[in-house]
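**Student:** Before I ask anything, here is the structure I am working with.
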Amino acid sequence: MAKKECVAQCKDESSMLRNRRGQMNTGEQCPVSTHHESTQEENTEDDRLSEGDSQSLNGTSAQHDQDIYSPNNEAQSTVYFLLVVLLSFSTRLYKIMEPPHVCWDETHFGKMGSYYINRTFFFDVHPPLGKMLIGLAGYMTGYDGTYPFLKPGDKYEHHNYWGMRGFCASLGSCLPPFAYLTVLELSQSPTAALITAAMLAFDTGCITISQYILLDPILMFFIMGAVLSMVKFNLQRYRPFSAPWWFWLVLTGVNLSGALGVKFVGLFVILLVGLNTAWDLWSLLGDLHLSLMDFGKHLLSRVFGLILLPLFLYVTIFAVHFVVLNKSGPGDGFFSSAFQSRLIGNNLHNASMPEYLAYGSIITVKNLRIAGGYLHSHWHLYPEGVGAKQQQVTAYLHKDYNNLWLVQRPNDSDAQSGEPDLVRHGDIIRLEHKETTRNLHSHLHEAPLTKKHFQVTGYGINGTGDPNDLWQVEVCGGRKGDLVKVLRSKVRFLHRATGCVLYSSGKTLPKWGWEQVEVTCSPYLKETPNSQWNIEDHINTKLPNISLSVLKPHFLEILLESHIVMIRGNSGLKPKDNEMNSKPWHWPINYQGLRFSGVNETEYRVYLLGNPVIWWLNLLSLGLYVVMVAAASIALRRGVQLDKRRTEHCRVLMEGGGLLLLGWLLHYVPFYTMGRILYYHHYFPAMLFSSMLTGITLDTLLQSADLWLRPPYSYWLLRGGLAMLFLAILYSFYMFHPLSYGMRGPLAHDPASTMAGLKWMDSWEF
């Protein structure tokens, strides 16, 4: 008898899901098809409803789904979706070629796209996928990679840039349709989905950030793709291991690897999907109809689709990155000597040089800390009040003539003719800067930034100095008399007079130090990469050369090194002097935007700023959502009898809305903990979740009009509220659209300006 009841239950649920999605296979086995939702409903409803009420609730959900996905509503939803697609692409692709000059960060990401076309190695703090796609888009549309992208405002002239802008705009145009489909699946309400899509389609900030050669539209495309795929996968819970189930699981993993492959911010959506998956697996574990063997299959499938597959794709992105960028370029100096030896055109690629260091050699000295830089000096002095006013010594991340040093004996009188003597472990040397002829020097003055260390300077002239110019060479792990091997020996330089050790702190000097890395003399003698150096370039015509081909590292070594460099580069992005640094609390209130182009009346001005009506409505809706969920929770806890429609509204608010609120928190709150420089555009991924939550919140609020008014007044309030909402979105877009599509003439404070009267906050700069 139990078997017959099970089969009957399966048929009932199959019928419900077929009405809902039109895709259900009635041949599923009962324990699998009922494993998730039935258990969840029993566990939650038994606490607040009688058994009869619970059965009524189940019937309500099915009836609600049938009403939503009746033929008329299916057609309505399709029409809405097509309208959203049309509006989204038209608002993003409109005036895509204007302005015809470099805007804001196009100078970085357009240049990096050119590097891919030219196969030139460079360094960036973000993973490579976004720049690779920009370069590919440019290459496929006829861009030849020759434009220099020197600075914002430079004219593109005859160069073909529309493909790169069009590619980014096309991905940005997918955001409103993706949001529409996501909200539709979470709420089963075309109205809620349309509200969300309208807010994103007509937001001036989303339009602006999608129209230029930037990483943001690519990142948000993958984030929204991952969220939509996750929601679609959740809906396949009744059809485990079917083709659609596998499709949405795999697509979720692909989008996760894409998001992380563009920016490390993709970790936040990975965390969102991970938490959702953990909750799903926990629910499966509590399903007594599911055997442990079947649970193991579910666990392994998610490990494959959401961990192993994304990891494989992410590593593949870097493999392609290293294969394509095989020529020496401006990023060489950020990486180790071994890494550089694989780059065509680098002085270490298939090179040969003397194997052992000798007196009279011209060398460059590279710190072994990742992105530690080359020992460097220049004619500029330390400013007044920063130690002794002597010549600056820094670590520089790029190859430069000022990185060259001459290895000298302690006294010129000790010089010998004939064959050069080799430098050994324990020898005392003097390092003379090739360009300025001043000696590497230290003394008891405190270092500029690391106050417990001593200052390092350039002192003397033409080799003439004092005892503070002497350094003892120490080969790490070596013994007295061991030779110093070029590239392969880890070397420390101990200052003879003070006993400290030459050190690269990794801290960036102010503008007086040309924002190069601080070099100090550390009194702490523990061996660390900061105090270890290697001899990279080595010129000595009196010594025989050997091949350096043995230095080339393995793929996993360069993969690990590239991530260490990126992470340290990200953490090193500190605000510069007089540079605007946006605060996270500024973002939700739309406190201040970003100038993309132009600053005066004669220039073509584009200003990144969200549509204030939409952004402030999002902020209001966050508060409304919390109040509504609190009221619904209290009502359910107190056993208030809710009708079928009201119960469904509570479910949508708590489940769908809760997922979106979690997404907003994960993409916003972590920025409060970051020490790096932050910008307004960092909020846009969180804004996507906020807008989707607004769609669900406002739709639920308007659908509850019958709580206050009787029919037909409640119906009029619902329709009138929707009309006013869409009118406010459209009219605010009409008022603020020049921010996205360009402004000329007087600024907003001038009554003759087209934006006169629209500068609602003094912090806005248009």
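Don't overthink the numbers, they just go from 1 along the chain as shown.
The backbone N, Cα and C atoms fix where each Cβ goes, and this holds for glycine too.
TrEMBL labels come from automatic prediction, so no person has curated them.
The annotation compositional bias 'Basic and acidic residues' is assigned in TrEMBL to 1-15. The compositional bias 'Polar residues' annotation in TrEMBL covers 22-32, 52-69. As annotated by TrEMBL, domain 'MIR' applies to 354-410, 420-476, 481-538. According to TrEMBL, the region 'Disordered' annotation covers 1-69. According to TrEMBL, the feature transmembrane segment maps to 178-202, 214-233, 245-278, 299-324, 613-636, 652-671, 683-702, 714-734.
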**Student:** What residues in the same chain, six or more past the boundaries of the transmembrane segment (299-324), come closer than 8 Å to it by Cβ-Cβ distance?
**Tutor:** 116, 119, 127-129, 132, 241, 246, 249-250, 252-254, 256-258, 260-261, 270, 273-274, 277, 281, 555, 558-559, 562
**Student:** As a quick check of your reading of DSSP, tell me how many residues in the domain 'MIR' (481-538) are helical, how many are strand and how many are coil.
**Tutor:** 6 helix, 27 strand, 25 coil
**Student:** Considering only the recorded stretches 214-233, 652-671, 714-734, state which has the highest number of Cβ pairs under 8 Å to the transmembrane segment (613-636).
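**Tutor:** That would be 652-671.
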**Student:** To the transmembrane segment (245-278), which of 178-202, 214-233, 652-671, 683-702, 714-734 is linked by the most Cβ pairs under 8 Å?
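**Tutor:** Stretch with the highest Cβ contact count: 214-233.
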**Student:** Mark yes when the transmembrane segment (178-202) and the transmembrane segment (714-734) have three or more Cβ pairs under 8 Å (sequence separation 6 or more) and no when they do not.
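**Tutor:** Between the transmembrane segment (714-734) and the transmembrane segment (178-202), contact is present.
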**Student:** What average pLDDT is reported by the model for the domain 'MIR' (481-538)?
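**Tutor:** The answer is 92, the mean pLDDT of the model over that range.
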**Student:** Using DSSP, how many residues of the domain 'MIR' (354-410) fall into helix, strand and coil, respectively?
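**Tutor:** Breakdown, helix to coil: 3 helix, 27 strand, 27 coil.
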**Student:** Please identify the stretch among 214-233, 652-671, 683-702 with the greatest number of Cβ pairs below 8 Å relative to the transmembrane segment (178-202).
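**Tutor:** Of the candidates 214-233, 652-671, 683-702, 683-702 scores highest.
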**Student:** Could you give the residue numbers and ranges of same-chain residues that sit at least 6 residues beyond the transmembrane segment (214-233) on either side and whose C-beta is under 8 angstroms from one of its C-beta atoms?
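**Tutor:** Distant Cβ neighbours of the transmembrane segment (214-233) are 104-106, 109, 126, 129-131, 133-134, 168-169, 171-172, 174-175, 178-179, 181-182, 185-186, 245, 248-249, 251-252, 255-256, 258-259, 261-263, 265-266, 269, 272-273, 276, 659, 663, 667, 681, 684-685, 688.
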**Student:** If we skip the immediate neighbours and take only residues 6+ beyond the ends of the transmembrane segment (652-671), which ones have a Cβ under 8 Å from one of its Cβ atoms?
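**Tutor:** Contacts with the transmembrane segment (652-671): 183, 186-189, 223, 227, 231, 265, 268-269, 271-272, 275-276, 584, 587-588, 622, 625, 628-629, 632-633, 678, 682-683, 685-686, 689-690, 692-693, 696-697, 700.
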**Student:** Per DSSP, how many helix, strand and coil residues does the domain 'MIR' (420-476) have?
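**Tutor:** Reading the DSSP string over the domain 'MIR' (420-476) gives 3 helix, 29 strand, 25 coil.
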